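K.L.:
So that we are looking at the same thing, I have put the structure below in C-alpha cells.
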Amino acid sequence: MRVIDGSYGEGGGQILRTAVALSVITGEPIKIINIRAKRSNPGLRPQHLHGILALKELSDAKVKGAKEGSTELEFYPKSTRVRHVKVLIKTAGSISLVLQALLPAMVFAEEEVTFEITGGTDVAWSPPVDYLKHITLYALEKLGIKVEIEIRRRGHYPRGGGFVIGKVYPWGTKRPLVARTFDKIYSFEGISHAVRLPSHVAIRQAKAAKEALERVYPSIPIKIHEEYYEQGKDPHFGPGSGIVIWANTDVLRLGGDALGERGKPAEIVGREAAKALIEQLGPRHAVDKFLGDQLIPFLTFAGGDIWVSEVTKHLITNVWVVEQFFGRVFEMEGEIGKPGKVRVVKKVEL
C-alpha cells in the first residue's frame, strides 16, 4: 500500500484531493498519514470529506478513517463503473473543490459520468464554479477532455444551497498542452452576479471591473454579463454576490474573481477582480496562478509544457503528490510567488 504524508508543504486538502483521485485512476490503495498535522485543528474537516466520499462513490471504494478529525485515511478503490455521482454538501462547502477531486478520476471512467452537487458555488478560499466552467474547462478541452457544467442555482456562505449538474465524457485522445506565453488578448469577458440583493449590486460590480480594465487595456473589448433576479422570483438561499472575469488570449484564458461581503461596496468587489486579473496578465505567461495546480493531474497523463504567471504552494504540492505515485514526471523552474515553468519530462501511460 502506498503511504502519502499528509503534512507535506501546506499539508492541506490539496494532498487529499489529488492523492485519492490518483488512487482511483490507478486502482492502487493508499494510506494518507499526518492529515493536516501542522494545522491548529488537525485532521479531516467536513469540506475534505465531501471530495473523499464522492470518490468513494465513484470507485465503489472501501474507506477507513473517513470521519471528521481523523489524521489517517485508508482508501481501497475498486472500479469506476458508476454512471452518476450525487454529492450533498449541507453547508456552503465548495462545489469547485469537490469537482477538483472528482474530475481527474471521472475522465478515466469507461463511460460518461453525470454528477449533481449541492453546496457553495461562490465561496472564499476556492475557485468559483464560473471560473471552473469558463477557464479550467477551456484549458482541459485543449487536452482532449470534454466536460459540461451547468449552474442551476448559486450557493454562498453561510447557507449554501447551490446546485450544479454536469457530465464528464471518457478521455479519448490525450493531447499534450503547450501553453508558454501569449501574444494577444482578444477580449475580456465575465459574469457579475447578485442573488437576494438589488440588481444594482451586480451592475455596479461589472461597471467597476470594466472601468479598471479599460484604464490598463483601453482598446480591448469587454463584455461582462450581469446576473440578477426579480424579488419573489429568486430561487437562491442567498444573499450573495461575486464576479469572475477572464481574458481571452491566443493561447488560453486567464482569470480573476472577487466575492461580495456584507458592508463591502460593489465597486470594491469589481475592482478587486480586475486587479487580480491584471496581475495575472503582467508576466504574459499563458496559465494563471489559479489554473496551474488544477492542470497538474491531467498533464501527468497527457504531457505538456506550461508557463504559469505565479508558482503557488498548491502547484508544488500537486507535483509532489503525483511524483509520490509515479516517480519523476515534471521539471519545474521558478520560486513561490514568482512566474514559473512546468514541463512534463516523463508522461505516465496507464
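Heads up, the Cβ atoms here are built off N, Cα and C, so glycines get one too.
Sequence annotations record features per position, and here Swiss-Prot assigns ATP binding site to Gln100, Phe290, Leu291, Gly292, Asp293, Gln294 based on sequence analysis. The feature active site, tele-AMP-histidine intermediate is assigned by Swiss-Prot to His314.
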K.L.:
Could you state, as a whole number of Å, the largest distance between Cα atoms of any two of Gln100, Phe290, Leu291, Gly292, Asp293, Gln294, the listed ATP binders?
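P.N.:
The widest Cα-Cα gap among those binding residues is 12 Å.
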K.L.:
Just counting, how many other CB atoms are there within 10 A of the CB of Gln294 (ATP binding site)?
P.N.:
24
K.L.:
To the nearest whole angstrom, state the Cα distance for the pair Gln294 (ATP binding site) and the residue listed as 'active site, tele-AMP-histidine intermediate'.
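P.N.:
Here the two Cα atoms are 9 Å apart.
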K.L.:
Quick one: give me the count of other CB atoms within 10 A of the CB of Leu291 (ATP binding site).
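P.N.:
Step by step: centre on the Cβ of Leu291 (ATP binding site), count other Cβ atoms within 10 Å, giving 27.
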K.L.:
Please report the number of other Cβ atoms within 10 Å of the Cβ of His314 (active site, tele-AMP-histidine intermediate).
P.N.:
20
K.L.:
How big is the gap, in Å, between the Cα of the residue listed as 'active site, tele-AMP-histidine intermediate' and that of Asp293 (ATP binding site), rounded to a whole number?
P.N.:
6
